[in-house]
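> Taken from TrEMBL, the feature NADP(+) binding site covers A:LEU11, A:GLY12, A:CYS13, A:GLY14, A:VAL15, A:VAL16, A:GLY17, A:SER18. Under the heading NADPH binding site, TrEMBL lists A:LYS106. Taken from TrEMBL, the feature L-homoserine binding site covers A:GLU191. Under the heading active site, proton donor, TrEMBL lists A:LYS206. Residues annotated as domain 'ACT' in TrEMBL: A:352-428.
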There are 2 protein chains.
Amino acid sequence: MRTRPLKVALLGCGVVGSEVARIMTTHADDLAARIGAPVELAGVAVRRPSKVRAGIDPALVTTDATALVKRGDIDVVVEVIGGIEPARTLITTAFEHGASVVSANKALLAQDGAALHAAAQDHDADLYYEAAVAGAIPLIRPLRESLAGDKVNRVLGIVNGTTNFILDKMDSTGAGYQEALDEATALGYAEADPTADVEGFDAAAKAAILAGIAFHTRVRLDDVYREGMTEVTAADFASARAMGCTIKLLAICERAADGGSVTARVHPAMIPLSHPLASVRGAYNAVFVESDAAGQLMFYGPGAGGAPTASAVLGDLVAVCRNKLSGATGPGDSAYARLPVSSMGEVVTRYHISLDVADKPGVLAQVATVFAEHGVSIDTVRQQGRQDGGGDASLVVVTHRASDASLTGTVEALRNLDTVRGVASIMRVEGE
Amino acid sequence: MRTRPLKVALLGCGVVGSEVARIMTTHADDLAARIGAPVELAGVAVRRPSKVRAGIDPALVTTDATALVKRGDIDVVVEVIGGIEPARTLITTAFEHGASVVSANKALLAQDGAALHAAAQDHDADLYYEAAVAGAIPLIRPLRESLAGDKVNRVLGIVNGTTNFILDKMDSTGAGYQEALDEATALGYAEADPTADVEGFDAAAKAAILAGIAFHTRVRLDDVYREGMTEVTAADFASARAMGCTIKLLAICERAADGGSVTARVHPAMIPLSHPLASVRGAYNAVFVESDAAGQLMFYGPGAGGAPTASAVLGDLVAVCRNKLSGATGPGDSAYARLPVSSMGEVVTRYHISLDVADKPGVLAQVATVFAEHGVSIDTVRQQGRQDGGGDASLVVVTHRASDASLTGTVEALRNLDTVRGVASIMRVEGE
């Protein structure tokens, strides 16, 4: 074993960073044995140097992250600050000064992955980011390496623990969205401002990263259709149960049936209770991958939290250190396929639509005609008259597979029917 | 991209090998883009050269596998023959002649992994074998690389599809073992001689491989305790259901609570229906991994079959080819921890024991005394008198965690009680 240590700079020492530092210290011997050389924590950049950090030598702590990544003796920079800047500049500077980078920064990777990969390649450096998607769950490496000889057709995942906790709570207790969110906040599963989670921004960043890797194609954050889950109601869960489903916020990356294009999207969807993703509880994450040869795979585990995220960071750290020792770099960016990314309108899936309609003869025929005119084939219709003898009824339509554009056209036309009082909900049905 | 192709020799062209060859041909452009150089099928060693093999140039086919691996221009040898010899000699010869090796051979890796890894290292070659355990499911790479910075404490897996199919069938239909086996055979899930599967030999080989990688310790096939599932009865399933469990044939690799030793074992066990492994249906495989930092992870997918196994082989082929191009080798054998492998007697778990006892006062007290004398604490007891008013009753005891040695001692003593007519079944309870 080499005795001269590899030097690691840690940018950020919050929930994840402090776990990375702790494990680097307590498991130093194991890491050295697995890498083939000791690793040394050579500097820790923080915003508040006065904060006491157990187990970290105060002499290593600095507020000058830029100077740390410019030192020139750093082998690997671990970036767990999050956000776009200063993370982006620090990572680029690290490459310029000979370091490889391990990052957990999904927002940055989703937005600037291509430029960062190019910078890494220019400097023969590694850029690893297993922790950026689904926390501890090995996903980037399996997609990029284990499935490197296969053709991935679909990635279907629960990649946000906060929203899964909320939806699971709504499902199991009948709670409404706000009540479930309040509980998630009280338990620390949701942040004070939950927007990034509940509006699907976090999941969309992960979808962009996953789609890019799965399809060897550049998928930008703007390419990802995004719909949050704040409008999912207890009534939606009742509807889902009536058809043997539950509701999950899914990130879905798909290759079109003809193979010529891909899509990426995040939205709530009904999935059958028999689907492995349906039983993913609480704040857990799980990602379902379908490929030509392997068939259906699923990866399950904790999608967030200090220790799980640190586990993913350290796995990357070991890999990057090994690469440093052998003078090689790992598999970098792969976007050779250059498939066009289609818009949401071209996505083909099934829909569950609840309509409030007038309770009189001929309504179903009118509604069915609108679906037919837009080329959307109906699978089942359930009609429920109101018990109070009033003039309204509810009509639940589940369609066969249709394009999102056709469905949107259908819904617009339905809204123009005199007999349709309103469209109570539209939800996609996935995983069948 | 390099234009000179990397040359691949394929040993074996059965169910897996023919899929490997097919994908290498149909996905040649993708493989080249992902590797950075084209890969060329340079030779295929088979036993029956006269058999027509669609898509394979007959000029590549040879019966002389030894000459093929000795050619000297071969970059990677893919071994999908299976069995110990001639596979072992061919792999060793391949290393001696400058090739790296991708293998799907669990029996060989379990028996001679250490020697083969040493041979690979001596010749700066790679030895990859993702396909040897759980088919298409990325498992070796996640354990060896993604979790390289973590401490794995437990691997709990369904790693044999044949037995999972049989047990699932027994569970869902109430069929007996023989009936379920007959159906598995008719459907092609079980071989004409199912011994390797149903007696747990196949799972034991995988357990040895997984334990070795998970604990960075040499675990030999002989170190793995093995019990088949041929004696699991419909009555056992009824007992399992009564306690909210089902029965699976599990491969279990564990680090002792004090961290100082490890165990590996294969046997049928009850697991709670709420455990993610309980819902693994049909011939699917799934492996649950528990580690210090990552927590609980699960990997799920098809554990066998030509195309899924080929997917794993090709993922390795891409990795090994990339390593060849960069002049590096991937992470090799890691057995530095050298933890002692304890025997089955030291395994600590819970037990479900069904006893046929005389239906008279004092029996429960006698039985409970025997458990207490052997230090085995009882969790629940269920006593059922026979409906026909005869002299026998049934007593179902579920214990708290106890060592296998204590339990064995308890059962021996129970058999010696006059009031115990027989021990109807003993089954371990896992996954809690």
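Using the three backbone atoms N, Cα and C, a Cβ is placed for every residue, glycine included.
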> Just counting, how many other CB atoms are there within 10 A of the CB of the residue listed as 'NADPH binding site'?
24
> Whole-number Å distance between the CA of A:VAL15 (NADP(+) binding site) and the CA of the residue listed as 'L-homoserine binding site'?
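So the alpha carbons of A:VAL15 (NADP(+) binding site) and the residue listed as 'L-homoserine binding site' sit roughly 14 Å from each other.
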> Out of A:LEU11, A:CYS13, A:VAL15, A:VAL16, which of these binding-site residues shows the lowest number of other CB atoms within 10 Å of its CB?
A:VAL15
> 10 Å Cβ neighbour count around A:LYS206 (active site, proton donor)?
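There are 29 such Cβ atoms around A:LYS206 (active site, proton donor).
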> Starting from the NADP(+) site formed by A:LEU11, A:GLY12, A:CYS13, A:GLY14, A:VAL15, A:VAL16, A:GLY17, A:SER18, give every other residue of that chain whose CB sits within 8 Å of the mean position of their CB atoms, in sequence order.
A:LEU10, A:GLU19, A:VAL20, A:ALA21, A:VAL80, A:ILE81
> Could you state the CA-to-CA distance between A:SER18 (NADP(+) binding site) and A:LYS106 (NADPH binding site) to the nearest Å?
19
> Could you work out which of the binding-site residues (A:GLY12, A:GLY14, A:GLY17) has its C-beta surrounded by the smallest number of other C-beta atoms within 10 A?
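With the binding-site residues A:GLY12, A:GLY14, A:GLY17, fewest surrounding Cβ atoms within 10 Å: A:GLY14.
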> Relative to the Cα of the residue listed as 'NADPH binding site', which of the binding-site residues A:GLY14, A:VAL16, A:GLY17 have a Cα no more than 10 Å away?
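Close binding-site residues: none.
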> Of all the binding-site residues given, A:SER18, A:GLU191, which has the fewest Cβ neighbours within 10 Å once its own Cβ is left out?
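Each of the binding-site residues A:SER18, A:GLU191 was scored; lowest Cβ tally within 10 Å is A:GLU191.
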> Can you grab the distance from A:GLY17 (NADP(+) binding site) over to A:LYS206 (active site, proton donor)? Cα atoms, rounded to a whole Å.
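Between the alpha carbons of A:GLY17 (NADP(+) binding site) and A:LYS206 (active site, proton donor) there are 20 Å.
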> Taking DSSP states H, G and I as helix and E and B as strand, how many residues of the domain 'ACT' (A:352-428) are helix, strand and coil?
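In the domain 'ACT' (A:352-428), the DSSP-based counts are 23 helix, 34 strand, 20 coil.
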